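Working notes, structure below.
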């Protein structure tokens with residue numbers, strides 16, 4: 001009897017185990033089927049339209065959705081166009097100013113104009129003759145002060161005309177350069193070889209007459225100095241700079257330069273070229289010419305051919321006049 005009961009218990013236990021295994025397998029199949037249909041991931045339940053798509057890695061989804069990661073777009077290239085030209089085109093369209101030769105052209109034009117105009121000019125002979133009998137440094141400082149002031153004023157007068165349309169001032173100035181060039185060529189053509197020596201002697205006689213007048217005035221003026229006569233080094237230096245020789249060199253040079261060919265040329269250049277280039281070129285040109293006159297004025301005055309310098313100056317003026325046909329007003 002006990003054996004029969006034991007067999008029945010074992011049979012019931014086996015049957016119950018088989019039924020439980022079948023139920024668990026059925027539940028597993030249903031769970032897999034529901035997951036396959038609904039595709040539940042860590043972000044939620046996807047719509048039914050996503051059923052059947054290939055599963056996507058969540059990390060890959062985050063990388064795709066991130067705004068920092070952008071797909072590289074290849075640059076569009078124009079066939080037959082150089083990359084440098086494309087860059088220049090983009091720079092022009094972006095409003096970047098294209099490099100110009102305004103400063104350099106104004107500097108070279110002013111420097112060359114001053115040199116060919118001042119060599120053998122009246123201001124050149126004034127500095128040369130005064131440096132023979134007076135302090136070279138004082139004469140140089142007086143002449144340079146006058147010439148620098150004249151150059152600055154002339155360039156600014158020319159720059160003030162920029163309120164007029166640039167094209168108009170550009171071609172008018174070019175026409176004036178042509179007139180000056182032709183005039184200088186004509187003067188040089190009819191000029192004698194001894195023109196420089198004659199002008200040198202004329203300036204020398206004029207300066208001698210002025211110095212005699214100043215000496216007579218100083219002799220007729222009574223001496224009213226008082227005190228011990230001791231002067232500080234700074235006062236002696238200032239009196240040496242602002243001496244009669246300095247003032248004479250300054251005034252004579254300024255008056256001789258007023259209305260001169262070089263002044264008119266500087267005004268014209270200030271109207272059509274870069275004003276800073278014109279001023280710097282004028283300063284350097286005047287310094288070179290005046291320095292040459294002060295250091296070796298007599299030798300240069302006796303050896304230089306004013307006729308040759310005048311003809312050369314006419315050619316230079318004509319070259320800059322004809323440059324208007326090559327360079328436009330905007331260059």
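Every residue gets a Cβ built from N, Cα and C, even glycine.
The range from 137-164, 165-192, 193-220 that TrEMBL describes as coiled coil is residues 193-220. Looking only at the coiled coil (193-220), the predicted model's pLDDT averages out at 70.
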